[in-house]
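Asker: The structure under discussion is supplied below as structure tokens; questions concerning it will follow.
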Amino acid sequence: MEAHKPVLFDEVMEGLAIRPDGIYVDGTFGRGGHSFGILQRLGPNGRLMAMDKDPDAVAVENKALFEDARLSIVHETFANLQKAVRDRGWEGKVNGILLDIGVSSPQLEDAKRGFSFSKDGPLDMRMNPKQSMDAASWINQAAMEDIRRVLWNYGEERFAKRIAQAIVNAREEKPITRTQELSDIVIKAYPQREIKKHPATRTFQAIRIFINRELDELRECLPQCLETLAVGGRLCVISFHSLEDRLVKRFIQKESRDHLPREIPILAKDIKHRLKPLGSLIRPTEAEIKKNPRARSARLRIVEKLS
């Protein structure tokens, strides 16, 4: 089959250093592009578990494209990665893990999912539609201060207070149920002099991250990755905005440096760091950005487990 080629594909394949007989986890299956690349590099005894909390990503028709005895596809969030690995008896044996964080292209392109401010659809934004709270439910009942806090904390939106007030004012007239309605509210609330990109970009990002617990799940997943990897195993994390990357960077720093106070008399050679960063932050090439403009904000960090 001809698989979709995802962002930073070549860099991820190189970063995972795939062994033909290795065990790998793709924590964000999506369209299956990274998983397909891993399978191409595995031998007959290699194994891959692909996870995704979006039921559309792990739908039967998608699984049919990946009929392969070496692959198991699991409908589950990567926040439960350790349990899924443990259920297979792989804990401490995994040679590589990939996390490609954030919303996928199919989710953005499907207006019915409600992720995009450029396509009118129901204001949903749930990556897993079985989840109870959607964006419209929250927007129409949250206190103004809670909306402001979400827009600031998860979107770093400078005009969070103005937008939150505009949302509350608008919903007093009628419930906000469509993506276009929310987008129009944000546009009207935004100072014209500040419009350099679409005014709703940060608002939609913030609400999506909040509704899907994206940062919480990433925070829960990273320590699990460390525990499930074998010594010498690799972790590759692709993020698309500073909030995610900052969280990943801090985790790597925490696990790759000395935590002991300087006054404790232990030699540097006796300190056991758990992770080693491999190279610096990787960004897509200009050629890739030209082919796929969405790749522009992608960032890849690669680490290896030492102990």
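The backbone N, Cα and C atoms fix where each Cβ goes, glycine too.
Below are the features I grabbed from Swiss-Prot:
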{"type": "BINDING", "residues": "G32, G33, H34, D52, F78, D100, Q107", "note": "S-adenosyl-L-methionine binding site"}
Asker: Let me know the largest Cα to Cα distance in Å among the S-adenosyl-L-methionine-binding residues G32, G33, H34, D52, F78, D100, Q107, as an integer.
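Answerer: Per the listed residues, the maximum Cα distance equals 18 Å.
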Asker: Taking DSSP as the reference, which of helix, strand or coil describes G32 (S-adenosyl-L-methionine binding site)?
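Answerer: For G32 (S-adenosyl-L-methionine binding site) - judged by DSSP and reduced to three states - the answer is coil.
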Asker: With the cut-off set at 10 Å between Cβ atoms, which of these binding-site residues ends up with the most neighbours? Options: D52, D100.
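Answerer: Max Cβ neighbours within 10 Å, all protein chains included: D52.
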Asker: Output the one of G32, G33, H34, Q107 that, of all these binding-site residues, has the highest number of other Cβ atoms within 10 Å of its Cβ.
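Answerer: Neighbour-count leader: H34.
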Asker: Using a Cβ cut-off under 8 Å and a sequence separation of 6 or more, which residues in the same chain sit near F78 (S-adenosyl-L-methionine binding site)?
Answerer: G27, T28, M51, K53, L99, E217, C221
Asker: Once the DSSP letters are reduced so that anything not helix or strand counts as coil, what is D52 (S-adenosyl-L-methionine binding site)?
Answerer: strand
